[in-house]
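Quick notes on the structure that follows.
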């Protein structure tokens, strides 16, 4: 933070902000201008400067995790070896994560062949993973803010390692599913915490480039990973176990450096007086003024009270209700086919009813009772964030609907070898996404704007979805598959980088982890809906289409549960193989249509997205750099007009929502 911000009168406790969402904008503007050390603005200018009021209120309650990461640039210059060590440590984490993402999807196909229940297990795992990926991120983000980034890294590494141990040793489909679900928490955490730290350390003008660099290992590793998975899957009966198990060893080794170096930064910052008891600088000054620097051991009652307060700040009740409601609403799409009377089964109906009721309980809790809600009010008044959610929720919904069974469809519908199938389906898509993401990042660095690029990407993605739909009924050539993947990656890279940078630019540093996690929460839940839609269509139609072929019931069951056996059991271009291909093609048609229709909604939202100028600040709101120091005054902010519109929208939203 700046020296001016430190010298201002004692700030209010952050809880008062949460209890007063209707605070007068002019008063907020006065406080914000004072915080910036500038009182020369007239009344009109101060009202327009209310953008800083939200930022100021966020800094008032700035949590220890944010202050800790800001201390890096306050203690060490940007060219310091410690800073470069942080970058190198982040690279180790991203390489491990990229290799995981480049291989484990292929292992799952062969694991379910060994354990059975391919179609049902695939759909349930995809749905539950998407739900857990979403609801775990706000929890992990709160760990980042309340404690520290390194604490969050340690926690997710534990989940990641334990999950892969369970998966590698699984002897039943249930054990495999449990392991994958535990692993998903770790994977979601690595992705989230890395995104948060990258945004912590990079100015807006470089945010797109640095974010893309975390995905740069995907340029190389998918090709290497495909060789690894092909060798393991074809070289030994249960090679997939080795594929999963190696990450239980790699993860602790790769994540340890970033944890240790951030702990070292903490220690240096405390010695320099930037931190005290892992608290914010404001808390340190108050402790010195009040003479309470001496540490005293808490009583058992105090410890219990601290635990209760921690649970409130985590909003564990809200996260539990959210996870339970969406699980009950989405899982039936994957299991209804095996239920007696299917949709009319009392258990299926009860799941939908209970899911809807619990979702209502979640909303009531968040609006009326939660002291630290998952849906932070300051974030949800943010027009940029709401548009970003709209774009990404339908982006992931259509994308997951298309991708959940696309690998199985291409495996059966083409004559590609296992290695070439992996190259086209997995390696090409992820490599292209990384390359185009890096190019999009440099576009943002050069032009300092993102909206034109984002809209172009959304249009390209619509074309890609149309090409996926075209690739059926004999049109599924290698060229069609490749170009579908390339165009989808190009459009996705341009869209995602715009959404991420815009949403992060629209909030002060204190809200950074919250907005990243909340964007991930709702977009991943959109992905869960997409996976559930695909699972419902797949499990509801493929068995019927296979029954219309000349396969015996036993052959139908084997083809449905383990598509990998089709390549070896039914030679290419034989009558039975052609019938099977046709059954898979008919099943995918409605899935592709859903994905194509959903691709238009993000385009409409993208047209309404503001176009922030990306400069040297950490965000476009409060004029601070990555160390928390104010480097840009309110009147010099090139995004002042956008911020004024956001304030006007937020004020109207507060009145309309009655929060």
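Residue numbering: from 1, along the chain as shown.
Note: Cβ is positioned from N, Cα and C throughout, glycine not excepted.
Copied over from Swiss-Prot, here are the features:
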- 31-41: compositional bias 'Polar residues' (COMPBIAS)
- 42-54: compositional bias 'Basic and acidic residues' (COMPBIAS)
- 38: N-linked glycosylation site (CARBOHYD)
- 415: N-linked glycosylation site (CARBOHYD)
- 475: N-linked glycosylation site (CARBOHYD)
- 1-62: region 'Disordered' (REGION)
- 79-99: transmembrane segment (TRANSMEM)
- 121-141: transmembrane segment (TRANSMEM)
- 150-170: transmembrane segment (TRANSMEM)
- 208-228: transmembrane segment (TRANSMEM)
- 316-336: transmembrane segment (TRANSMEM)
- 348-368: transmembrane segment (TRANSMEM)
- 379-399: transmembrane segment (TRANSMEM)
- 424-444: transmembrane segment (TRANSMEM)
- 451-471: transmembrane segment (TRANSMEM)
- 478-498: transmembrane segment (TRANSMEM)
- 528-548: transmembrane segment (TRANSMEM)
- 590-610: transmembrane segment (TRANSMEM)
For the transmembrane segment (316-336), find every same-chain residue at least 6 residues outside the stretch whose CB is under 8 Å from a CB in it, and list them. 120, 123-124, 126-128, 131-132, 134-135, 138-139, 342-343, 345, 348, 351-352, 354-356, 358-359, 361-362, 365-366, 370, 373-374, 525, 528-529, 531-533, 535-536, 539-540
When you check the transmembrane segment (478-498) against the transmembrane segment (348-368), do you get at least 3 Cβ pairs under 8 Å, counting only pairs 6 or more apart in sequence? no
Test the contact criterion for the transmembrane segment (528-548) and the transmembrane segment (348-368): 3 or more CB pairs under 8 Å, pairs 6 or more apart in sequence, then answer yes or no. no
What residues elsewhere in the chain lie close to the transmembrane segment (379-399), defined as a C-beta under 8 angstroms and at least 6 residues from its ends? 458, 461, 465, 488, 492, 495-496, 499, 502-503, 505-507, 511, 514-515, 518-519, 522-527, 529-530, 533, 594-599, 601-602, 605-606, 608-610, 612, 645-646, 649-650, 653-654
Given a Cβ distance threshold of under 8 angstroms, which distant residues of the chain, six or more beyond its ends, lie next to the transmembrane segment (451-471)? 391, 395, 398, 402, 406, 440, 443-444, 477, 480-481, 483-484, 487-488, 490-495, 497-499, 502, 589, 592-593, 595-596, 599-600, 602-603, 606-607, 609-611
